[in-house]
Structure formats: structure tokens, C-alpha cells
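Engineer: Okay, so TrEMBL annotates it like this:
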- A:21-44: transmembrane segment (TRANSMEM)
- A:23-249: domain 'ABC transmembrane type-2' (DOMAIN)
- A:56-78: transmembrane segment (TRANSMEM)
- A:108-127: transmembrane segment (TRANSMEM)
- A:133-159: transmembrane segment (TRANSMEM)
- A:171-188: transmembrane segment (TRANSMEM)
- A:222-243: transmembrane segment (TRANSMEM)
């Protein structure tokens, strides 16, 4: 189909960009590495978890990394809009959806790379994945789906604000509270009631908890399915919204 | 109310008088300047807007625009524009910043939807069938829309592939265009290393990779050095020689003069004049006497001294101590002017009698200088 080959052409473009500007990849991993060090060595001693804190922390960091990485989708689209690339694509006889799919899929591929890199960093500080091979695949699948779903939210924001700096700050305004009011860094049990209620139902907590269970070789439970439902709902909502917003660009 | 005037103009034209001569005569018998100008527009436009049937069958209009309107809030960015572009010709849309040129090009390029009116590109309606329009157009926006990180070749192949050329076709076409646009040495370098002129050429190359029938160029030479401009002019002329129909916008009167078969002057979203470069210049009538003074404090005295020789009041650009005045009567006016200025003890740096340029036309039509 036409849209598939168009999407692949644009994925290729983004991947070439990542190989030419490796700084993009390097810088997107420096921040999570800092978080790992900060939490493992500075805050970690004061955080009580049922398992070893590094083993608790790393699945959270992996999800956080894909979450922050998803923000790149909106920033990249805003960059293309402000440089006229999107106008160029819109004047071509190509599918509107391909532009967005090309961007979100290339960000998904980048996430694969970043996840492996961060697992490597985790191994250096003592993290060990104790699950099965299938569990590893399940965790990888869930994290990529998570990153892909949040890429579409980010895409909508990027297209709506059309400007790199605004996309950057508009992205982090909602991502930051979402990341911290979750089980990424600390167990939700210690949070005040309202925060705890929010955290317990957040797609981030479900995803992190499910990945964590894979990591310590516990069987799949409701957290996995709740995460899948959340992510499917996000995709069903935000893909049409982003495509509609894209059509409205003028 | 001006039907007398229009009839007179038409008769005078049939008798072989030039527009300038007719205009001068009408002014000399006491017609108001604004009325005469309007009558000329009314008289000239019907011929251009609605060519007789036989003629429009002979010359196929590839782009046809009728009553196009686009509002932004209460501002009418484009306010009822009509024109046609025959196949294989260039129309220049000339106007200052904010005149509505970009809005118009973006509507024709299917990037924004008109509020009302109609535009047909190769017979396809930009509102009803934008996808069909996109198949036959190329669009180069005001800012280079190329990926700085990719190489020139990668950019062209990518755009070619997105226009559904096969991999081989896209690669061959990219090679051909890189050679033709003088970019083959830089083909495999990242675009961020290119000069402004090279980037612009790559941008135009990307727009024509899939052999469009119609090419829209929004201020293609803005920001280029003179060498870059001339190179781009050559490219545009070459395309037109191959039957591509071009609409370009420009703020540069000399560019429109040099390239265009047809010029449409717009200001504040409306067409204020159209015709060939010759026709537009004829609207100024006669020649232009241009004075450059050494002392700008003498400008008003100098203008007063020569006023009687003009067919219109002199225009003073005090800052640069230049004075412009439309005149009739050739070299004798020049001699007369020099004598009068000498008597008034004006120090001249230069004095010229020249054919009107589009700058003069623009000024006359809008009351302000272009740009």
C-alpha cells in the first residue's frame, strides 16, 4: 500500500538523521543516566522497597526514558513545521498519515536502542534482569507500545504549537508530574491519599509495575492488562486527533 | 460614469495611439487623474480577464483563478483575485510584503483552503480535488524546505520517492537534476554545508523532481546574491522552455520585468494592475526625469523649478535628495530642465531622462514604493 512505502521512506529519513547526529541519541540518554545515579546513590538509601532498590528502580527508569523520548516526536514535528518540511510534504501527492506514522515509528525504533543502552547502564550499577526470555520480550513489547502511544500525544502537541521551544516546554509540563506521581521512583503506598489515587490509576504505574514483574520473574497480572487497555485507549484517541490537527495545519 | 472615458480610450487605441499618449491627452483636457487611471484599468482588464472565446481556445490556461478570497480574522489577506496563466508562460505576482502573495500561492498549492472563489490548476479544483492538484504541481515556499542533515542527493531521492517515482527513477532523476542545477560536486554533502544559493537551487530541484506541469515559486530569489539570482533566473527560463507553467512572487520589479510574460501587481490583497511589463510601463506615460542633488535642502526649490515641465507633480525623496517626475517631450525637456535648475542655482549631482521602470509604475499605482 502507498501509505506503507511512504512511511518507510520517512522512517529512513529520521534514522539517517540519528546516525548523522549521534548527539541526539547521546543526549537523550544522559538525562536518564543522571536519574539512575541520583536515585540509586542519593535518594535510594531513604526509599524502602520490597526488593533491592536498583532492581526496583531500573524498570521505572526504562519507562521514564521512553516517556521522555516520546517528547522528541512532538519536538521533531514542530521542527519540521517551522522549517517548511511539513509544507513540502503537504504539497506532495502523499498520505497525510504517513508523515505522522513515519515520525512515531522512527521514534519507536530509537526507543529500542535507548532501552538496550539503559539496561547496559543498569548492569554496571548492579541491576539484574531475573525473568525469562519471554518475559524480556513482554517487557520490551510493553515499553515500546508505551513509548509509541505517548509519541502520538506528543505529536498532537507538536503539531498544535508548531514551534520547537514551545513543544519542549509544553511537553514537559504534563510529563513531569505524570512521571513523578507514579511508581517509577518510589512505591505509591507512601503517597498522600489524592496523589496515591492518581498514581495507582496512572498508565505509567501500570506499565512500570508490569515491567517490574517481568524483571523479577513474577507472573503477568492485572497491571499488564490495565497497561495494555490504557495504551490502546490513548492510541485510539490520539491518532485521530493528531491526524485531524495535521490536516488543519495552514 | 466613466463610460465616455472608456469609449474614448478604446477609440483612441484603435487609431493607434499609445496608452501614454492617450493618458496625457485626457489629463491635458482636464480629466481627473484618478478617473483616467481607473478607466485604463477598466479598459485593460476586461481584455485580459475574459479573453475572447477563440483566443482562450488557442491558448490553454493551465492556471485559472476567479474571485479568490481568504480572510484572516477581519483582514482580507486575498480579496477577490482573478487571473489566468497560459501553458508554458510565467506570471509574476508583484507586491510589497503583506500584499497577500504568499497567501495566494499557498491557496494554489493546496496548503490552505480559500474562503471563496475558484482556482483550477490543470483543470483540477484546488478546493474539491486537492490530491489531483498535488500530482501536477511543484511548490517552493519562501524558506528552503530541505532537510539540512541529509545530503542533497538524499533529499531529492526522498522527495522523488514520496512522489511515487520508483527507486531507480528517483535516483536517475536526482542525478540529472543535481548536474543540471550545478550541484553534482556537492551532491553527497550534507545540505547544512550548502550556500544560500545552492540550498535554494536544491529546493527548486526538489519541487520539479516529479515533472510538475505547474510550478509555484514564492519569492525564489529573496536572500540570494546577484549571482545566485541570475542562476535561478536561467533555471526558471529553462523550465518554461520545456512547457512548465510558472507562477512566481517577487518584491523585485526588475525580476518581474526580466522573467514574466504577464505581471499582476497586488497590494492589500487586491489586484491593482495587470499586463505585460510594457503595458504597465505605458501606464506611467512618457519618460521619467530623475534628478540627483548634491544638497538635499535644495530639493523643494529644485522641484518647484521643474514642476511646469512635468505631466505630473514631481516626487521628492528627500533623504537621498532624488527627485522623480514623469515628463513628455524627449530631450528638449532635459535641456529645459537643466536651464531652469541652473537659473535656480541648484547643484546637480546627476540628471537623467529614462524610460519608466516598474518602480515608477508601482509607485504611481499604490502611492508608495514597493518593498
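Heads up, the Cβ atoms here are built off N, Cα and C, so glycines get one too.
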Engineer: Counting a contact as 3 or more Cβ pairs under 8 Å, with residues at least 6 apart in sequence, do the transmembrane segment (A:56-78) and the transmembrane segment (A:222-243) touch?
Structural biologist: no
Engineer: Take the transmembrane segment (A:133-159) and find every residue of the same chain, 6 or more past its ends, with a Cβ under 8 Å from one of its Cβ atoms.
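Structural biologist: Non-local partners: 59, 62-63, 66-67, 69-78, 81, 100, 103-105, 107-108, 111-112, 115, 167, 170-171, 203, 207, 210-211, 214-215, 217, 220, 224, 227-228, 230-231, 234-235, 238-239, 241-242, 245-246, 249.
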Engineer: Near the transmembrane segment (A:222-243), which residues from the same chain, at least 6 beyond its ends, have a CB less than 8 A from one of its CBs?
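Structural biologist: Sequence-remote neighbours of the transmembrane segment (A:222-243) are 96-97, 100, 138, 142, 145-146, 148-150, 152-153, 155-156, 159, 203, 205-207, 209-210, 213.
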Engineer: Take the transmembrane segment (A:108-127) and find every residue of the same chain, 6 or more past its ends, with a Cβ under 8 Å from one of its Cβ atoms.
Structural biologist: 11, 15, 18, 25, 28-29, 32-33, 36-37, 40, 52, 54-55, 57-58, 61-62, 65-66, 69, 72, 140, 143-144, 147-148, 151
